[in-house]
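Report on the structure given below.
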Amino acid sequence: MFFYKAKNLKGKYINGIYRGKELKKLRKELREKNFYLIYKKDIHVLESLENNRLNLKERWLFCKQLKLLIASGIKVTEALGITKDFFKRKSIKNSIEEIRKKVYLGESISEAMMEFKDIYPNFLINMIKIGEDNGNLTEVLDKLELYYENQWDISNKIKEIIIYPIFLVVFSIIMCMFLSGFILPQFESILREFNETVPAFTKFIFNLFTFLKGNKIIILFCLTTSASIFLYKVKKNSVNIKYGILRRTPFLKDIYYKLQMYRILMCLWMSLKCGLNIDKALEETCLIVEDNKIVKDLNKIKFKITQGTSIFEAFQQCLSNLMSQDIIILIKTGEESGNLENILKDICNMTKREIIIKINSMVKLIEPVIIILISIHIGIVIIALFLPILGIMDGITNI
């Protein structure tokens, strides 16, 4: 990866970031535009390790701002220059500036974005290309804005499920550390002063906390190592492990299938609305699906449709585990009435509401379960502390 400066015979200067390894290729590309390399600097390896990919919020913001500016009659190069200022991350600002320069030199937006595939997803680039080819870029950007806004909204709801249990678990760990580090040692010294016999249950709890305190470095090392190995295996074979877990987990399976169905139908609706036929729409849909099993099913659907099978029958045969019979019937109605696009949009709206309802229900279920588990944990410790106190009180009463 290089930062470069170049100059043409008219004395005009350009600069930017080249995300390649071969300097010869950079020189060749510049010569084709009548520019000559005058300066280059290697970008530090650590900078290239940054996760540069646009998140859902940034994709939504990019589409929204670009749509509004182009629809207002501003030139594309100026719109890109203004859009750049809405982002904080340097990598994104630099990429948009490079895209702006390439568009100024005659490239289309999608062609310029192809140089930054590590930042912009293929689906976004392809949809913008479709908009440019069909002359309806603002309409395509409007659909992309809606798509990413809905994805972002659902993603935030899912994070709510994850964050609250993590907070409670961390709180529980902090409580354990506080009890083992401060309360239990003081309580144990008090019992020694009274020469009180420690009950077996209390002694077990004392020994457990003493063991955890004395071996915390070893325990932490084992937990960290185990977590690292697990994460490495997940990352190495992420598709098979991650989505396999989601497909088999009882509480998450239903939400996962509905979320995948929503993404597929939303992408199909958007692609058809932008003027693609069903074959091309299915190709674009495959780009947003990461689960290989579902991608294979979508390719089967595409093959069956090219062989003359109706859309609803292809979905019924290949994605019956993902879509309920009610959804299939609605798709059939839309196909037979020639109103498939509107039906797909209605299904998406309905599915999104169902996903949010299920997520909220899961949050309401998880909260009391975790609170009960933490209460049991704290209750066990309190009982262990209370039993010796009863012994001391009995001794005082007998005196």
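Cβ coordinates come from backbone N, Cα and C, glycine included.
If you check TrEMBL, you get these features:
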- 62-185: domain 'Type II secretion system protein GspF' (DOMAIN)
- 268-388: domain 'Type II secretion system protein GspF' (DOMAIN)
- 161-184: transmembrane segment (TRANSMEM)
- 204-232: transmembrane segment (TRANSMEM)
- 369-393: transmembrane segment (TRANSMEM)
Quiz item: Any idea what the model's mean pLDDT is for the domain 'Type II secretion system protein GspF' (62-185)?
Solution: 86
Quiz item: Excluding the flanking five residues on each side, which residues at least 6 beyond the ends of the transmembrane segment (161-184) place their CB within less than 8 Å of a CB in that stretch?
Solution: 205-206, 209-210, 212-213, 359, 362-363, 366-367, 370-371, 374, 377-378, 381, 385
